[in-house]
């Protein structure tokens, strides 16, 4: 039996997000939907899975009852095993934690469609910046993309300020991307706040790029890390064959469930290697 996986987000003011939590949790449990939904005053961010497309269709129909969450665009992929073991609906101060107080993320960069992305990042005058964490980037990235070497998203502002110190006067063209689009959207707003004017981000992130282009120009190198038990997907959105970093043997679905922050070890090696 296969599973349908949906990833989505929306920046929107949800003043009553505390009240939304139990309602969403109950609906998902009743419809056998598992995954993680994050709610904040800034909006919603989620990856959920079900064994039937109809269950997810009902979920999005349920969201449509709230005008603020109506017609949310989502990315769909598939997995042979359910990538989640339970349903979580979390409350957060920030939807994605950049760690900047009183930061307005509404003035963000311009979207670039997956179809136009390759042309943009192939230009010699464009800086392509990966806004994900290093352990994610280790699985794969766009060719020649800058790796900020961050351990978590909260590290990004410090790197960006340092990187901008000798470049903001040049006002270069900046292209940013992440897994599903939410982090690069917020990152472009931060770069604009630093003084850059020509800032762009990949609409729908890497997942939408894979779906729309199948990496036809081979500018993506490797796989894409996912925050679930699949660990990573290839450019066809199929769960990747992830190998143990110690013995180079593909890990099993059960072993994948124990992987933390992209550190891939099979059960045998985990007993002998100190993380």
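One is the number of the first residue shown, and numbering goes on along the chain from there.
Note: Cβ is positioned from N, Cα and C throughout, glycine not excepted.
As recorded in Swiss-Prot, the features of this protein are as follows:
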type	residues	note
DOMAIN	122-218	domain 'Rhodanese'
ACT_SITE	178	active site, cysteine persulfide intermediate
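When secondary structure is read from DSSP and collapsed to three states, the residue listed as 'active site, cysteine persulfide intermediate' falls in the coil class. The Cβ of residue 178 (active site, cysteine persulfide intermediate) has 24 neighbouring Cβ atoms from other residues within 10 Å, across all protein chains displayed.
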